[in-house]
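See below for the structure under consideration.
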């Protein structure tokens with residue numbers, strides 16, 4: 001009984017403690033809600049909305065890339081055209097069937113396309129004018145219509161409105177240029193590799209035998225070091241994609257699912273793998289071969305390797321050749337033997353970019369170019385020497401002409417009793433006026449009777465001119481005489 005009483009007391013005390021504790025908590029909560037706190041909303045800064053991240057457009061490498069992308073972006077804003085674009089086969093697009101749908105695009109989109117075309121035409125005209133200025137043709141009138149013919153992706157005869165023909169030209173030009181773009185990149189890389197080898201050989205020619213031997217040994221060492229890398233998976237194979245799934249996505253390779261993988265790496269969510277999205281999948285494989293901090297690794301070669309991988313996958317997976325990989329094409333490819341059991345992938349060091357014959361022709365071409373430049377330099381030097389000689393002759397003729405002109409126009413003055421008077425010079429007897437000389441007077445009859453004496457008298461008057469001073473000349477004759485002696 002005693003134990004039961006003690007137990008009942010303990011239970012009662014515990015119940016009272018619990019009730020008291022809950023009561024205090026309830027009062028505390030009521031007090032918190034009962035006292036409102038006024039907040040000055042003018043001083044409270046609302047969190048700024050984060051800007052939406054837009055998918056960056058990757059440059060296609062075409063000189064009209066911006067115009068192409070802007071046209072596509074505005075056309076896709078029209079629901080009718082967007083549906084036609086996604087449902088049209090690539091061959092129909094190339095044949096111009098999609099361009100005809102431009103007539104059904106909304107007026108707002110057509111107006112914006114007109115504006116885009118006018119901007120592109122003005123851009124091309126600015127480029128033409130800038131090129132003309134660089135070439136020194138500032139004073140030559142520019143025929144923009146004739147020069148715009150070289151830009152086939154738009155109708156230059158109608159620079160104001162965007163028509164069906166403009167869309168057709170843009171699609172065909174972009175398709176053609178993109179198809180040739182990869183080939184041009186390969187050719188450029190081949191020239192790069194041959195030039196690098198040519199420079200190495202020319203450098204070896206400048207070294208003595210011992211230094212040349214060391215340089216060759218170092219070159220071989222770098223080649224072996226570059227080739228020593230982990231195994232590279234076949235691009236687009238199951239092993240390669242699983243590696244991306246595990247290392248880049250952080251997922252369990254046992255849970256690999258092709259459809260989930262496609263959705264994860266379709267970064268713009270358009271339901272296709274474009275060329276840039278495909279190339280991004282090969283980064284892990286390329287990091288096995290190339291490191292920008294290593295002397296033996298060339299980053300130009302890395303980009304060429306990336307291009308080779310992307311081209312290989314496109315050739316295997318892109319069944320309709322629209323340069324895009326759809327989800328259906330991707331899922332079909334994952335069931336092929338090439339995806340499950342691929343062959344080994346040969347990297348660039350296993351496939352030289354050029355042949356020995358191509359290298360020989362390249363060096364011959366460089367030698368010919370060097371010879372042509374040398375001949376041009378010699379011709380320019382001769383032209384320069386000839387121009388300098390002609391300039392010296394012109395300077396000498398100019399000095400001689402100035403001396404002759406100064407001799408003819410020079411006026412000499414002498415000073416007599418503080419006054420400047422013209423200095424008298426001998427003049428031709430045709431211009432001189434005869435002056436009378438005080439000879440012995442003869443009567444006209446005597447002169448007439450003796451013709452010889454009369455002739456001598458005339459000769460003396462014609463040949464002798466006696467200068468007179470101002471004091472000897474009569475008034476008014478001084479100015480007349482000065483006027484006659486002026487040149």
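A Cβ is built for glycine as well, from the same backbone N, Cα and C atoms used for every other residue.
Caution: TrEMBL annotation is automatic and unverified by curators.
Features as listed in TrEMBL:
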type: REGION; residues: 202-237; note: region 'Disordered'
type: COMPBIAS; residues: 202-223; note: compositional bias 'Basic and acidic residues'
type: DOMAIN; residues: 253-288; note: domain 'EF-hand'
type: REGION; residues: 366-389; note: region 'Disordered'
type: REGION; residues: 429-487; note: region 'Disordered'
type: COMPBIAS; residues: 429-439; note: compositional bias 'Basic and acidic residues'
type: COMPBIAS; residues: 447-458; note: compositional bias 'Basic and acidic residues'
Within the predicted model, mean pLDDT of the domain 'EF-hand' (253-288): 92
DSSP-assigned states of the region 'Disordered' (202-237) in counts, ordered helix, strand, coil: 23 helix, 0 strand, 13 coil
Residue counts (helix, strand, coil, in that order) that DSSP gives for the domain 'EF-hand' (253-288): 23 helix, 2 strand, 11 coil
Residues of the region 'Disordered' (366-389) by DSSP state, where helix covers H, G and I: 24 helix, 0 strand, 0 coil
